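Taken straight from TrEMBL:
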type	residues	note
ACT_SITE	Glu148	active site, proton donor
ACT_SITE	Glu230	active site, nucleophile
DOMAIN	2-317	domain 'Glycoside hydrolase 35 catalytic'
DOMAIN	361-476	domain 'Beta-galactosidase 1-like first all-beta'
DOMAIN	503-560	domain 'Beta-galactosidase galactose-binding'
Amino acid sequence: MKDNISFQYVSGSIHYFRIPEEYWHDRLSKMKAAGLDAIQIYIPWNFHQPEKDVYDFDGDRNLEKFLELATSLDLLVIARVGPYICAEWDFGGLPAWLLRINPLMKLRSSDPEYMKFVTTWFNVLLPSMKRFLYENGGPIIMVQLENEYGSYSTCDETYLKELYNLSRLHLGGNVIIFTSDGPSNGLLKCGSSDKRYLATVNFGPTTAPVPKVFKVLEDFRQNQPWVNSEYYVGWLDVWGGDHHKTNPEWAVEGLNHLISYSMRVNVNMYMFHGGTNFGFWNGGARPESSITSYDYDAPISEAGDITRKYMIIRDLLFRRKGTEPPKLPRNTTKISYGCVNMKFKSHLLENKAPVTRSEFPLIMESLRQYNGFMIYSVTVTVPRNGSIFLKFFGISDIAHVYTGDKSGHYTFHGSIRYVNKTFQLNNVHDVNNITIIAENAGHINYGSEMYSDVKGITGPVILNGKELRDWTMIPIRDPFAIVNMNKMKYFPSEKKWPVPGSIYHGVFIVEELGDTFIQPDSFVRGIISINRHHVGRFDQQQGPQLRLYVPKTFLKLGRNHITITELQGPIKNDAHHVHITFHDQMLWK
């Protein structure tokens, strides 16, 4: 019921935190023009509270502005406030500083230490949302707590009760508070144990038939609306996997079947517009993490373009409404800026940041390094035979291993991913240090592996049977800041640096602003920055994403700077030119 009238909604998911603020109106307008009644959003805790006592609701984080835009377009809002959201987002939206405070904190539970920080966060977030509730003239009709909690091993009924009570304290007694879980009795039992919640399910066109799913839901909790909170019209991608595509007709046929089955059925399409995991925000997983693109094969593409899937969904929804659809919003301008030559400029090991010393290696989070990289170094004495055996007992996620000599030159010996590994290094008579660049590939965003997902060197490092001690550590706060954009003068490097960790720079001229896609032609795996905007990660060897979306908001008229850090190599030197190319469309492997 809505305004005392029977009401059935069709909504679509959109993540404001994956879209530049300047494009919020464009994407929301397209969702409205598709015939949606509502949008569904997550609110990531770590996006708004980057450090324990620091809050950020400005710019791309201006949640109130986003909700005001939805209101202006007459779109209802379903808000999924967490504290855990999954969303293939770093640490499922939980702030990694929790791991600094206690690496063994009992996340997603009623443990008082964890709930203390959840309460502090909700005491900030929820009061700011109250004026946006439907009863107060705003767009929010429903609020979800936690996410697929039935799939998490803790199964803590007290935790769900405490979240519910805390939310009612701030939001009042009228707004619908709900959970979402997979469509089985076992998952619902743990995920929605408190009967005060509206229990909803998540399933796509490839899973159980509609009558069977809603019978499970009805048997679990009678006489409530039936809601599919995540009807999958697409799917996520990981490095080294395929780019998932869902047949548009199949997805729309399933959607029509759902909303025609009963007026009790309400549906949210996940995703309707996915966006981008800019910077280091992608969620982690093993063996491979989520890619930079969160296109999701959604009806509105990563770059905001209307797709064939969008058109047939739009036709269905307006046909059911019995009204003519509005004029289609225009797609944004895409521009191919062509080829840009890149030149070697620096190396991650040239970082001059302050050093932290410790007898044993410290995890990255303990030095407030919640993403990216950290340099570990230890002085060693090499035996007379010039051979060493180096064994690692804990790495998360990737360790790039170097040795350094007395003259300051470094040699790269390989990379380790997660597993324990032994290196045998011969003829290293001049070596006096072992240096490791630890790479955080993203905190795990789903399942029990989230627990204590600390990054860096997480166990002993053994050299010729003896544990190494007396380490120095340098967090790399901003890998692109190593290159000073304001004082760039190309010069032959005084050292021959290893390829992994090399930083390249280029300049290109923009005469007209438009969205674009960058293809790192000469590079293999690394990260890209444009004008100090961190575009994201790339992996040309694994794919499936071969180009990265660059919104025009990252560009400026005139000179633009691009910086690439190569983490693997080898660099492809075509006719003595290291280069990248800007295109006007996406490319998948």
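Including glycine, each Cβ sits where the backbone N, Cα and C put it.
What TrEMBL says about a protein is an automatic prediction, not a curated fact.
In the shown protein chains, 22 other C-beta atoms lie within 10 A of the C-beta of Glu230 (active site, nucleophile). The distance from the Cα of the residue listed as 'active site, nucleophile' to the Cα of Glu148 (active site, proton donor) comes to 11 Å. Cβ neighbour count for Glu148 (active site, proton donor) (all protein chains, 10 Å cutoff from its Cβ): 22. According to DSSP, the domain 'Beta-galactosidase 1-like first all-beta' (361-476) comprises 7 helix, 60 strand, 49 coil.
As a whole-number mean, the pLDDT of the domain 'Beta-galactosidase 1-like first all-beta' (361-476) in this prediction is 94. Helix, strand and coil counts from DSSP across the domain 'Beta-galactosidase galactose-binding' (503-560) read 3 helix, 33 strand, 22 coil. In the three-state DSSP scheme, Glu148 (active site, proton donor) is classed as coil.
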